[in-house]
Amino acid sequence: MPPFDSSASSSYSLLSPPWSSTASTSRCYSIPFNPRPRRRCHVIHLSAAAAARPITTYQSTTRKYVRKPPAHIDHAVDMDDLVASISETHNERDLYALLSPYKGRQLSIRFMVSLLSRESDWQRSLALLDWIHEVALYAPSVFAYNVAIRNVLRAGQWDHARGLFDEMRSRALAPDRFTYSTLITHFGKEGMFDAALSWLQLMEQDGVSGDLVLYSNLIELSRKLSDYSKAISIFARLKASGIVPDLVAYNTMINVFGKAKLFREARSLMKEMEAVGVVPDTVTYSTLLNSYVENGKFVEALSVFAEMKEANCHLDLTTCNIMIHVYGQLDMVKEADRLFWSMRKLDIEPNVVSYNTVLRVYGEAELFGEAIHLFRLMQRKDIAQNVVTYNTMIKLYGKTGEHEKANNLIKEMQSRGIEPNAITYSTIISIWSKAGKLDRAAMLFQKLNSSGVVIDQVLYQTMIAAYEQVGLVGHAKRLLHELKHPENVSKDVAIRVLAGAGRVDEATWVFRQAFEAGDLKDISVFQCMIDLFSRNKKHTHVIEVFEKMREAGYFPDSHVIALVLNAYGKLREFDRADSVYQETQQEGCIFSDQVHFQMLSLHGLRGDFTTVATLFDRLRSDSNINQKELHLVVSSIYDRANRLTDASRVMNLMRAA
């Protein structure tokens, strides 16, 4: 399909809000003739033959639309034929000539919208839209604009989408749910998340109600970007709009709360589900289980598993794999072993993750014979093994002191077409360094570094630790210094390694360089820098990174807010602390109890006991707050200020509760 020949360009700024009045509302495709003054035109170059054809002029859109009695001939026109003919046009004049027989609106607007929806070329779509509204003089159609917006977004023409939106409004058309949904979804999927949220905000201001799918898509996008606070904020807006989340939305949010380490909130969602008649399923329980396991809360995971069985919710492969790991971490090796070997009785076929998990459980329990037997059993039964399988066994041989066997496993895995990864190499480097063979470890690291292999932070940190263990501090410092100008590692990795090693100056330098270059794409980098500065009592730097984090469009989580409030408190900038507390809470950030208590302490530190009392009363009515700890915190605030009567009153309230 030949595209329109166009030198289209745009001056819309991606940094401007989508509804900015500074954005032009015009967009056009014209052959070289005097352009209409209200439109910014992009020249389409014509072939000599096309240029020789007479140019048909038409009236401006300022004339009134004349409504004629419908005399539509939709059924008399072969749409497939017309679509094929349109696809052969190369410029606006050809298109208008082709459609000239229908200039009197013999075709219905529904037919024209269908025609527009089948056009895949975005430039031709806009030319067709112009013909509909400005040549044939159909009444402006929100449906036609929605299709055109979809077509330009599919082609990544973000500025033209904004222009079409503004043009709709200039024609007194009200964007509908489909308009906003299309804009939000496409901007979000392309990573322009702030723009997507701006469209959402405008949609809400216009009183256009979103639907479950739209909000769920935004939540999922936030989750994928690890921006959990933003996901929580959008979920709150979903419920505030009167939409009842479905099972998928609840399961996603349990995952989000878990990732954000807000376990109480994740648990409370289970109760909320029951209250609205949404029955938790296997995925719900598995997601909650995984949240606890990822944060080392194995006893809590065991409790959830007991609830799952009590609810007669069937187990699946994921649940079994998680629980084998949980049993192993709690030294319940027999239970792990029993669950693994009973999986087939439950009609669950173990996969490579199941075998790898059991291998790890055996290794950590020092059941080396059972682990080696199971490893070879997998090979005899042709059960697929992967790099994790071999990494587990290499680590096991390292524990038994069989270094050469560990090294031979690397050769074996390569012969079977399984490529070692950074964990494989970091494991063998750690084994060799502990065995006193640092020269072999260093040679391997240098070989990897010079070969262009992408080295992750674990491998870098392993080599640094190996040097430090034998007292070669200079070598460790040299590696850390190299990270100021990383070549084989990303700047994100370099910053995390430097921050993890406590190298404040080097981490700060790389962070600032990476931020200015726009290379920071992971929220965790901002978080680790805030942690680093907070540990080193560099409170001004904490605020600097926090502001850069917000500038980059990331929502802080509860842990970051706690560190930022602490920094403001140390700097005695109480108003700014209160502003951050209020603003992030309004944006939907959910705080741990400690953040609320910290804010109470800051108000007490500045002597603002009126605000202490107001906030205390509000938190007392919040069932999610640990009331006993709240009363103790407020009592101690009054006690430190020598307001003993108030301290006594708060304690009496606690006893009476």
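Just so you know, glycine gets a Cβ as well, placed from its N, Cα and C.
Keep in mind that TrEMBL annotations are predicted by a computer and have not been checked by a curator.
Record features, source TrEMBL:
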REGION    1-26  region 'Disordered'
COMPBIAS  1-21  compositional bias 'Low complexity'
REPEAT    141-175  repeat 'PPR'
REPEAT    176-210  repeat 'PPR'
REPEAT    211-245  repeat 'PPR'
REPEAT    246-280  repeat 'PPR'
REPEAT    281-315  repeat 'PPR'
REPEAT    316-350  repeat 'PPR'
REPEAT    351-385  repeat 'PPR'
REPEAT    386-420  repeat 'PPR'
REPEAT    421-455  repeat 'PPR'
REPEAT    522-556  repeat 'PPR'
Chain residues outside the repeat 'PPR' (386-420) and at least six past its termini with a C-beta under 8 angstroms from it: 352-353, 355-356, 359-360, 362-363, 366, 368, 371-372, 375, 378, 427-428, 430-432, 434-435, 437
Averaged pLDDT, computed only over the residues in the repeat 'PPR' (211-245): 84
Stretch in 141-175, 281-315, 316-350, 351-385, 522-556 most in contact with the repeat 'PPR' (211-245), if contact is a CB pair under 8 A: 522-556
Same-chain residues near the repeat 'PPR' (176-210), Cβ under 8 Å, at least 6 residues beyond its ends: 14, 17-19, 142, 145-146, 149-150, 153-154, 156, 158, 161, 165, 168, 217-218, 221-222, 225, 227, 230, 234, 237-238, 241-243, 553
Cβ-Cβ under 8 Å with the repeat 'PPR' (316-350): same-chain residues at least 6 beyond its ends: 282, 285-286, 289-290, 293, 296, 298-299, 301-302, 305, 308, 357-358, 360-362, 364-365, 367
